[in-house]
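Annotated features in Swiss-Prot:
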| type | residues | note |
| --- | --- | --- |
| SIGNAL | 1-23 | signal peptide |
| SITE | 99 | site 'Transition state stabilizer' |
| ACT_SITE | 103 | active site, proton acceptor |
| BINDING | 264 | heme b binding site |
């Protein structure tokens, strides 16, 4: 029924932007394109170009001007200042703002780190027009006077999350803290939110399983359809979809129960418009609304269009008799009332009790003295009927204080998961407690290495017997786990020495162990030799080793470079590392080292390279010079010679580009190996090289070829080496928020 209601709202034709998220069963706009048509848009930082802020604007600096206590007071005052153009249910906007924050943060997915509250994407299409976000345009509009007052000192993305957090506190639910630090985007991103961009509310579930790339069971929803799978009131099926959807954003069963039960303690849902009048009464979503509506959508011509006539999801009612106060009445009602399937006025499947007592009745949101029966969603009842969820609903029902504590922790995780490590947090309300989902690294309790120490360590590495290739690949494998989407991964923490990273196929565990053993030996000897408290971490030593490898490779090619090195990384422990969570950082392919696990078809490999480069926050020239340099350095996965287009493997030079663009070589597809190309000498007919689609894309794609030609030109040999060194250092520094703020 929700799908029917959504269609009636005029949203069935809304198109969502495609994505470059790589999944075997993901439909994207590149699926039917040839390799030379690879989409490079993920490498263009259009948000920076589109930003109206001054070039020297720094949010962290601007934030220092913010009076956070006054901001909080203004937010608290706003909650009970009901506006005629959108009256507050029960005289309090708190539940409305909780939904705003939840739906903003709840788009996060652990698979690729996309979504979440960071960057304020809910302000833009397609998220601002999703069916599940119906009427949240009004919530953001209610916040505008506060945003206008405080200006650049607070971002929209921080303000939206703060609104829900302050609302919780004002209604009796004490949060464990709040961190500022989210920065705003200035346009909608290209995330692929579902399998079928052509039809809103299309299912992302196949054979009962949620497609691995997504965190919502239907396009246009944050998690699941509250009526049940595909709008059918199937409690068992709803439980399965809830578990899959919440797990896709990194939530456990316990956290899932806490969030749903806690969130549905507050507010109401809206489906007041009769089913036969919905299509005529409700206008299009914001991105299709008439210009005179000024960005507000879902205009409602039924009755007053708001208040008791509000139309939202189509479900209608409240869960508890105290919808603006924290308690555990949701759980009390869940277990002590008998629930019967009914329909809302709008025709949506919901449940009402057959044995409600006067104390269970819910006050009308706008008419004093009027009472209604409480409601439950199909998804709410799943928390009772599913054995896994029931364990925690019973536990929370019997232990209200534990329920409160677990909700507070789950809310903090929900609203901060995509912010990355704690070092990115700013503001006065940061909780002291560390959580494993923050990927914590220990603080350095020792003196950092000096310039003289670094020189000594470099010599120790040179004398270790490790090859340049071993050092370079280990450093790359460590640092290249970084994801700019949720700021996870990177070299800090040295988690390449821990499970699960040490066992990943792409890291070649047996070879990795040889390198790590030698570096640990150097680390131990150095640390034991220092009496002044100076120490070096394995994380720093891995990066320093990569730098040594690059410097030595450049020297062998006739170039003297000094790689920058910034110490300060520390080593995480296995106890600080969530194995299941970190496995999502494992890549299916890494074109920089010509690696693939076989799950990505050969014609998609160039696009996965772009996706990988985007995750590393690289631009087109940086990606290009790194691939060319890595091929010349001969650091491919499993010693593959694909793309090693040089007669001096291991030397840092521009041979890859020179030979790729040399017309004396003719390229042909191999008839023996899929995804392999053979470079044949045009005169002799003999094989000269082998290459992958990733290699050849730099001569095939016009934009990439233009950059490749720059690096192949006479006179640009030193430029190539210098640019490689800069790009390499950038990758090694990804995740070093301790020195970048």
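In case you wondered, yes, glycine gets a Cβ from its N, Cα and C as well.
The structure displayed is predicted, hence computed values, not measured ones.
Spacing of the residue listed as 'heme b binding site' relative to residue 103 (active site, proton acceptor) is 14 Å (Cα to Cα, whole number). Looking only at the recorded positions 103, 264, the densest Cβ neighbourhood within 10 Å occurs at 264.
All protein chains considered, the CB of residue 99 (site 'Transition state stabilizer') has 24 other CB atoms within 10 Å. Following the DSSP three-state reduction, the secondary structure of residue 264 (heme b binding site) is coil.
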